[in-house]
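Student: Pasting the relevant annotations from Swiss-Prot:
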ACT_SITE  H19  active site, proton acceptor
BINDING   H19, G384  anthocyanidin binding site
BINDING   Q346, H361, W364, N365, S366, E369, D385, Q386  UDP-alpha-D-glucose binding site
Amino acid sequence: MDPSRHTHVMLVSFPGQGHVNPLLRLGKLIASKGLLVTFVTTEKPWGKKMRQANKIQDGVLKPVGLGFIRFEFFSDGFADDDEKRFDFDAFRPHLEAVGKQEIKNLVKRYNKEPVTCLINNAFVPWVCDVAEELHIPSAVLWVQSCACLTAYYYYHHRLVKFPTKTEPDISVEIPCLPLLKHDEIPSFLHPSSPYTAFGDIILDQLKRFENHKSFYLFIDTFRELEKDIMDHMSQLCPQAIISPVGPLFKMAQTLSSDVKGDISEPASDCMEWLDSREPSSVVYISFGTIANLKQEQMEEIAHGVLSSGLSVLWVVRPPMEGTFVEPHVLPRELEEKGKIVEWCPQERVLAHPAIACFLSHCGWNSTMEALTAGVPVVCFPQWGDQVTDAVYLADVFKTGVRLGRGAAEEMIVSREVVAEKLLEATVGEKAVELRENARRWKAEAEAAVADGGSSDMNFKEFVDKLVTKHVTREDNGEH
């Protein structure tokens, strides 16, 4: 089959695991419907690791369902040893300057397979500028909750009061959201945050989405989970197509494909180890790819797990390349009680019957995976949207218990409290309630991605519109 006859979609991702994975899942789904997808991110550090972990060859078409996907990696322009790559304030404008030209060059290189749509995630908002300049429809994948999107929207338009330097402790009242205390709003919006640059880039994406009238705004959620908030946002932004298409990882599970976005090879024996455990006997612990806890806090969590009597599967990442963080050391007796790995297939782990609960940083990817697996969460957020996600898990979805309030709290949670919260999530009436609620959300998520479900129909509508645009352009002789 001639790939040049396929509708061609180019996806551009910020180089980070939590950004790459959802966008790649979307890309695989698009390809599976008979389209051609080119997935683009930077060569270092993530592209290089993706290539190694997945045996990816640049530009080579890989079949996915009825279509194809390929990968392109471009240089970010930094020398190998340039530490500015790991300084977001320096990296952001540099990536924009280099990336705009690289994406233009890629689009022109594939002129015999004209790009019908450009899709990006929120940390590379400048892709919308490229799309507008080249007169290509664009779409954005939002990889946080619709609740967080609403918070950013209200902050950007100054529709309600948010914490300020003079009033840092005020709560925030947003329609369709629970009352958020000052440390429960997305932390990048708080004036005390050391990471306000992350909030700025997200706000840049919001501005571009409104100004450029992007083709679609995808959200990795499902309608049944955030119905009222989505209806409210659709009323606020009638010109936008706000389209929930999640859980993306669940949608992508229906595909037979070896294309993955992992930066590391998962531990090969962790699933076999789980097979040897009793049902609901293991706490799974992972704090994502970015968050770094203090050694003292890691030790308190370790001793809390030991006191709880649960077995543990714990993902402890080595320090990221270019960062100056000491590797964590865990008590030897914990290793005898459980299994410590650098990486694991989280979706499969959470679905395993041995998992009793998930001690999580509450990033949105992990939140969606826990809800879809029907697993209770012990919430230990650090920053960004994680603190808001923790509110929803504990108070709205009612599948979680709160262990901490975020890095801004600047306190070490004791081993006694860790053990108490682990037991609360796994033993007794509260644990039964959490598990029942989690199973209910699991069923709702499965219904959303099933044939004819809300997310499935939203996705099919998008693909149909893209294909129609492509056919119309061909009929008009456009290239």
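Numbering starts at 1 and runs along the chain as displayed.
Glycine is no exception: its Cβ is also placed from the backbone N, Cα and C atoms.
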Student: Considering all pairs of residues in Q346, H361, W364, N365, S366, E369, D385, Q386, annotated in the record as contacting UDP-alpha-D-glucose, what is the maximal C-alpha distance expressed in whole angstrom?
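Tutor: Greatest Cα-Cα span of the listed binding residues: 20 Å.
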Student: Out of N365, S366, Q386, which has the highest number of nearby Cβ atoms, where nearby means within 10 Å of its Cβ, if these are the binding-site residues?
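Tutor: Top count of Cβ atoms within 10 Å goes to Q386.
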Student: When a 10 Å sphere is centred on the Cβ of Q346 (UDP-alpha-D-glucose binding site), how many other Cβ atoms does it contain?
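Tutor: By my count, 23.
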Student: Around the C-beta of D385 (UDP-alpha-D-glucose binding site), how many further C-beta atoms are within 10 angstroms, looking at every protein chain?
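Tutor: A 10 Å sphere around the Cβ of D385 (UDP-alpha-D-glucose binding site) contains 27 other Cβ atoms.
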Student: Give the helix, strand or coil assignment DSSP yields for G384 (anthocyanidin binding site).
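Tutor: In the DSSP reduction, G384 (anthocyanidin binding site) maps to coil.
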